[in-house]
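Below: one structure, written as structure tokens.
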């Protein structure tokens, strides 16, 4: 592989966030075949990147989903006039998704022009401010404005992080790392339940739900500040790596594909993302998964409460389903990396989540069985979303197409979050027949769409193998012009 053009570059391309880059000395010996060097680099990257990004996602998910806990701590009575129908609460919950959906694509594409640590760190600080401001709300309008701001700045975070992982991790590693990162959403579900349980027993002059927003929003701002100092920049520009390590990182970035150098956005690849039918099928999958996820986030404490438990115990009983979901997510994602398959596992996990909702529909009076079904729902849904993000982080071929395509299917999917916020009105409790039916149907539809995509990717790989021969899986593939349509590019099925 020829890296001369990387070694000659000592400055990022023009654009916002320009930074000086230490020149890579071409005389430094580099053994790209040394597994020991690469393992050492991978450990170094994991220790620096994963802790800060995982903790940020933990609090991102706490900040967007703590409404479900706040609901049981008196928020509707204090701010929404009691909200007997639950409609006002539904709109507060779904307000997050409006800005999140609209801004994901432009923000993720725009993030390629900026230093990742500055972009991600500032996003975290700003959504932390919005989250803590919910503790000061006294009206329905105040809550909605805070949620709109939260959606705005979290939109700048999620897609940019998935894109950032592709800078440093290969397709054989990305699934597990995204699972570690997204797994903290499940940790947040468990952790959020514990925090809410503890706050439920606090006797203070401030309402418990206000304390909840303060305690879960403040750490986000501190982590954002920390991110500004410790998160590595792009591989070709970061001072966190030595010159020799940067060479290895760049070679890994170009394994089975080709990465951009510096602040580059290829407009043809943005257009290609909007023309790719597979991204829209992925959006259908993500729609179903996010409907189920939004339902879980906002209504799992309420659903468990319908099983006859008091509010404090309902908060505590949300912990085990999320804990098991995190474990299952790690197992499925690790297996998908080792086997280099995503679709078949996604079919299974989506179907498992759908089965859980079907059990909730059928076992209306068997509370132990209904509680067991929540384990299937959380495990199936969280595992599916982790696999989905890992699947498209490679299969779009180029950085720019990933920057446009990942938030495109994500934006379509987040519309499911709005639906999930409205299918569990209090007037339909405790049966919630419509909500469970909709969620189950969409998860089974997601399984069918995943099967379609997996077969499509396999057929494309077979056709290219017959036409061009089998490529070296570790070789560089020039995707600068054709992205995933390049003759040497192969999909993960």
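Cβ atoms here come from the backbone N, Cα and C positions, even for glycine.
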Subject >> Per TrEMBL record, range annotated transmembrane segment [choices 404-424, 467-487] >> reply: 404-424
Subject >> TrEMBL annotation of transmembrane segment - which of the ranges 11-29, 30-48, 49-67 it falls on >> reply: 49-67
Subject >> pLDDT averaged over every residue in the domain 'Major facilitator superfamily (MFS) profile' (49-458) >> reply: 90
Original post:
Against which stretches of its own chain does the transmembrane segment (178-199) lie, if we need a Cβ under 8 Å and a gap of at least six residues from its ends?
Top reply: 50, 53-55, 57-59, 61-62, 65-66, 69, 72-73, 161-162, 165, 208, 211-212, 215-216, 296-297, 300-301, 312, 315-323, 325-326, 329-330, 332-334, 378, 382, 385-386, 389-390, 393
**OP:** Please work out whether the transmembrane segment (144-166) lies in contact with the transmembrane segment (343-363), by counting C-beta pairs under 8 angstroms that are 6 or more apart in sequence and asking whether there are at least 3.
**Re:** no
**OP:** Rank 211-231, 343-363, 369-392, 404-424, 436-457 by Cβ pairs under 8 Å to the transmembrane segment (118-138) and hand me the top one.
**Re:** 211-231
Original post:
Same chain, outside the transmembrane segment (436-457) by at least 6, Cβ under 8 Å from its Cβ: which residues?
Top reply: 278, 281-282, 284-289, 291-292, 295, 341-344, 346-348, 350-351, 353-355, 357-358, 360-361, 377, 380-381, 384, 391, 395, 416, 419-420, 423, 491-493
Original post:
Counting Cβ pairs under 8 Å that sit 6 or more residues apart, are there three or more between the transmembrane segment (369-392) and the transmembrane segment (277-300)?
Top reply: yes
